[in-house]
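First comes the structure, then the notes that go with it.
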């Protein structure tokens with residue numbers, strides 16, 4: 001198994017990024033507590049016939065590598081008793097997940113691919129920093145050239161003055 005790079009750097013992480021990671025973790029953990037979760041892997045046809053509930057697409061997004069929308073299908077529904085309290089609890093959980101998704105959409109993050117979105121934002125931020133540092137570098141070069149010219153003129157003036165004092 002090949003080692004994968006971390007989806008983040010070891011630098012300081014912004015609070016909104018930490019909050020998004022925390023929400024993603026909560027979604028994954030809560031889906032694990034609900035029932036046996038099943039993520040189909042290639043060449044696993046015999047296990048696909050088992051009864052599992054599937055994860056919310058937002059919680060699966062960080063697991064997928066290929067671009068495009070995440071497709072999650074329900075292979076079969078877990079049996080529910082006619083007890084209304086269980087069905088109302090399931091509805092409440094679904095509403096909570098939808099609320100979290102809406103909250104994330106409102107904060108400007110894409111729930112379908114939060115890891116890739118963060119990486120893209122980080123890359124854009126790094127490009128802005130590079131451009132900003134290049135501008136600062138150019139400004140500093142010009143300042144160095146200006147100061148070098150100023151030192152040269154001051155040095156010449158000082159030499160001329162010393163020469164004129166010795167001649168007098």
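Just so it is clear, glycine is given a Cβ too, placed from its N, Cα and C backbone atoms.
Taken from Swiss-Prot, the feature region 'Interaction with TRIB3' covers 10-18. The region 'N-terminal' annotation in Swiss-Prot covers 10-26, and the record cites similarity to another entry as its basis. Positions annotated as phosphoserine by Swiss-Prot: 14, 15, 30, 31, 78, 81. As annotated by Swiss-Prot, region 'Disordered' applies to 34-139. As annotated by Swiss-Prot, compositional bias 'Low complexity' applies to 73-88. Per Swiss-Prot, domain 'bZIP' is recorded for 98-161, and the stated evidence type is sequence analysis. The feature region 'Basic motif' is assigned by Swiss-Prot to 100-129. According to Swiss-Prot, the compositional bias 'Basic and acidic residues' annotation covers 118-139. Summarising the annotation, Swiss-Prot assigns region 'Leucine-zipper' to 133-147 and lists sequence analysis as the type of evidence.
Locations of recorded Swiss-Prot features on the structure.
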residue	record	CB count, 10 Å
14	phosphoserine	11
15	phosphoserine	7
30	phosphoserine	16
31	phosphoserine	18
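Taken together, the residues in the region 'Interaction with TRIB3' (10-18) have a mean pLDDT of 69 on the 0 to 100 scale. Residue 30 (phosphoserine) and residue 15 (phosphoserine) have their C-alpha atoms 22 Å apart, to the nearest angstrom.
Taken through DSSP, the compositional bias 'Basic and acidic residues' (118-139) splits into 22 helix, 0 strand, 0 coil. The two recorded residues residue 14 (phosphoserine) and residue 31 (phosphoserine) have their Cα atoms spaced 26 Å from each other. Here residue 15 (phosphoserine) is positioned 24 angstrom away from residue 31 (phosphoserine), judged by their C-alpha atoms.
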